[in-house]
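Single-structure report; data block below.
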Amino acid sequence: MSEEKSVLRDLNLKNDDELMLRPQTLNQYIGQDDIKEMLSIYIQAALKREESLDHVLLYGAPGLGKTTLAQIIANELGVDIKITSGPAIEKTGDLVALLSSLSPGDVLFIDEIHRIPRFVEEVLYSAMEDYTLDIVLDKERDSRSIRIELPPFTLIGATTRFGDLSHPLRERFGAVFRLSYYKLEEIKQIVRRTSKVYQNEIDEKAVDELSKRSRGTPRIANRLFRRVRDFAEIMTDAVITLDITQLALTKLGIDHKGLDASDYLYLRGIVERFNGGPVGLESLASTIGEEPGTIEDVYEPYLLQEGYIKRTPRGRVATELAYNLLGVKYYKGLLDN
């Protein structure tokens, strides 16, 4: 994977800089206003009753702030948070160890919760409902079960694939929130905040340009800011101007719509190889040399949001907007194929 591509694609990587940029309270968190309002009410009510917060499920595209919100919830509750991910929980013992280590009121955050093995997931059910663990011990022909009492805790799950969660697991979350792409003005606020954290001056036209190319995603906005800052520090007096921003983003291969070479490869695959579609996910993935899961989680959410593609029962279809972007003549009725 190239350096340019990684700015937009490696959305699950986190580093110390990104941790430094994270807001610590709901008041500091920019965007997702409806979610913040509801969380504030739920948190205040839980604190007033001196109870643990109901379990929370956060879902949406990568980079929209699910992990940050989980940490903020713990901060607002004044409790500790333990962070893990679905792939790290391979067996029942892994989950039991995590749950047994919690103190009363603590938050357990599981990223990519849809990737927990189903047999492990089932152990969560009683833990979430009754704060108990029922463990079956097998000893040759005899088996017995033991019950472990757990302290009250809050489970926060995050996923990019809401539909992959089992119905029993979804039903055990008391609050479910879908994070949306951020509005342009919200991304601008995030860019201005980032410039203050890094103590880099940026002019307003540069803020606007960088924000427009950030795909409505805070993590991308912050990463693009750091790359543009590099150009500014080497080529000017470190002030981030419109010219420097345009130069840096062009070098990174990101166009004025926030699309990169991989997006164009995807769209050309549908339009040129499959006559605009419909095309199945596996066929498309094979054509462009990408994993199906990456296409679903990273490529498609933004292209769907912006109207370049549609998902139909028969597969992916390129829209007239995609044809116009690629400079290919569009014929009415293609979407009805």
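Glycine is no exception: its Cβ is also placed from the backbone N, Cα and C atoms.
All protein chains considered, the CB of G63 (ATP binding site) has 26 other CB atoms within 10 Å. Here Swiss-Prot flags L21, R22, G63, K66, T67, T68, E129, D130, Y131, R172, Y182, R219 as ATP binding site.
Sequence annotations record features per position, and here Swiss-Prot assigns Mg(2+) binding site to T67 based on sequence analysis.
Here R311 (DNA binding site) comes close to E300, L304, V317: these same-chain residues lie at least six apart in sequence, with C-beta atoms under 8 angstroms from its C-beta. Sequence annotations record features per position, and here Swiss-Prot assigns DNA binding site to R311, R316.
If you look up Swiss-Prot, you'll see 1-182 marked as region 'Large ATPase domain (RuvB-L)'.
Annotation comment: Swiss-Prot describes 183-253 as region 'Small ATPAse domain (RuvB-S)', evidence class sequence analysis.
Taken from Swiss-Prot, the feature region 'Head domain (RuvB-H)' covers 256-337, and the record attributes it to sequence analysis.
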Residues with Cβ closer than 8 Å to the Cβ of Y131 (ATP binding site), same chain and 6+ apart in sequence?
E149, L150, P151, P152, F153
Give the number of CB atoms, excluding that of L21 (ATP binding site) itself, located within 10 Å of its CB.
19
Let's check the environment of R316 (DNA binding site): how many other CB atoms sit within 10 Å of its CB?
25
C-alpha spacing of G63 (ATP binding site) relative to R316 (DNA binding site), in angstrom
24
Applying a 10 Å Cβ distance cut-off over all chains shown, what neighbour count does E129 (ATP binding site) have?
11
